[in-house]
Amino acid sequence: AFWDYETPKVIVVRNRRLGVVYRTVQLLILLYFVWYVFIVQKSYQDSETGPESSIITKVKGITTSEHKVWDVEEYVKPPEGGSIFSIITRIEVTPFQTLGICPESIRVHNATCHSDNDCVAGELDMLGNGLRTGRCVPYYHGASKTCEVSGWCPVEDGASVSQFLGSMAPNFTILIKNSIHYPKFQFSKGNIADRKDDYLKHCTFDYVSDPYCPIFKLGFIVEQAGENFTELAHRGGVIGAIINWDCDLDLSASECNPKYSFRRLDPKHVPASSGYNFRFAKYYKINGTTTRTLIKAYGIRIDVIVHGQAGKFSLIPTIINLATALTSIGVGSFLCDWILLTFMNKNKVYSHKKFDKVCTPRQSTSSWPVTLALALGQAPPPPRHCSQAQPPSPLSGQEGQQGAKLGPAVWPPRPCPVSSLSEQMDAPDQQAGLPTSRLAQQDSKPADPRGLAQL
């Protein structure tokens, strides 16, 4: 029933195989919590992820192309030195563009034509280069014709010139200055060595000798990402520079060191969207006419990503995980009980021994002296097994008459098969010679009948 109370019953089963399973499960659970939870995961610590971070970058170096020398101000975009920047390695230049009319690019959809009837005046293609005039004119080269547009002329395909800047690019140096802060633990640190000399002017990063010199060569970054520099410089790509701050704050601050890793972020194996490029223009005037140079730039974009986790000992997660570990050890008992009651021989015998029902006998409503004695805590009758309840045998003689005066008698519980050692020692010596029936009759009498009568 819902209001019944259940309590575990301990049974010792002398079965070696079941005992081996039980201890093995307990050992596995203990090893899991000790090795993985507490040693590997450090679950005894309070943790904080995602530190507050600031990033400053600076690129240095010069390179040459077929026509000029390039410095940092020209090939680094944007120049502010943030966490994301691009280094231009190849360009396609369309010089001297002015506002006018010219043939549309042959790459634009429906741009080719045979006569003026194929071109609609005033039509604007979102992927084109200008507003169509309605005329069909010869293309820049070859026998093809395209519709004429009004816009910046000549269009990009008609007069672009390619220039490669990647010959010296592997030697470019990149300074990545990073500082982090964990507000929960009030811990801050940076990735540059605390030195007053010109250390940064003469060092480059090395995992062993110079871990606190965050100056990387561009060729080293591409190599660590597992890419071919020449191919990457021609098509462009995105490289992630990942700085990981995993700090155990139970140790000294010198043990909290940044770990660097590099990998390519853009999908290079997708032909439709591989590579990285962008466009920008430089404007100037020639004889009062606004002119621009359109540049389509291919380059290596660097994304600096900072993440990490800090942990420090805390009592609350330690108690929670210890309680979880102790509770999980009980899984071994549950598993062995299931095996014992399901698969073992004599499982019905085990079930009968494990599950037992005990209830207290009901008292008669007319035995008010006995009820009062129970309320006063005098001689409470022990509980009986429901299955072993026996009808009381009638008393005879003087005991029966005395019980009739006090009301219905309360019969003693069924005697235990073996008496305990304490009961044998407490028994008076003068009762050793009395018959067993006499002792049982004396125990069945109320402890204080005269006092109950007075009450």
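Just so you know, glycine gets a Cβ as well, placed from its N, Cα and C.
TrEMBL entries are annotated by machine, without manual review.
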Disulfide-linked residue for Cys102, taking TrEMBL as the record, within Cys147, Cys153, Cys203, Cys213:
Cys153
Under TrEMBL's annotation, the disulfide partner of Cys203 is which of Cys213, Cys247?
Cys213
Go through the chain and flag residues at least 6 beyond the ends of the transmembrane segment (20-38) whose CB is under 8 A from any CB in it; none is fine as an answer.
44, 321, 324-325, 328-329, 331-333, 335-336, 339
Would you count the other CB atoms within 10 A of the CB of Lys58 (ATP binding site), including those on all shown protein chains?
15
Spatial neighbours, same chain, of Arg279 (ATP binding site) - Cβ under 8 Å, 6+ residues apart:
Leu294, Ile295, Lys296, Ala297
Which site among Cys102, Cys113, Cys136, Cys147, Cys256 has the most other CB atoms no more than 10 Å from its CB, taking these as disulfide-bonded residues?
Cys147
Can you figure out which of Cys102, Cys136, Cys247 (the disulfide-bonded residues) comes closest in space to Val59 (ATP binding site), comparing Cα atoms?
Cys247
By a 10 A CB contact count over all chains shown, which of the binding-site residues listed here is most packed: Lys60, Lys296?
Lys296
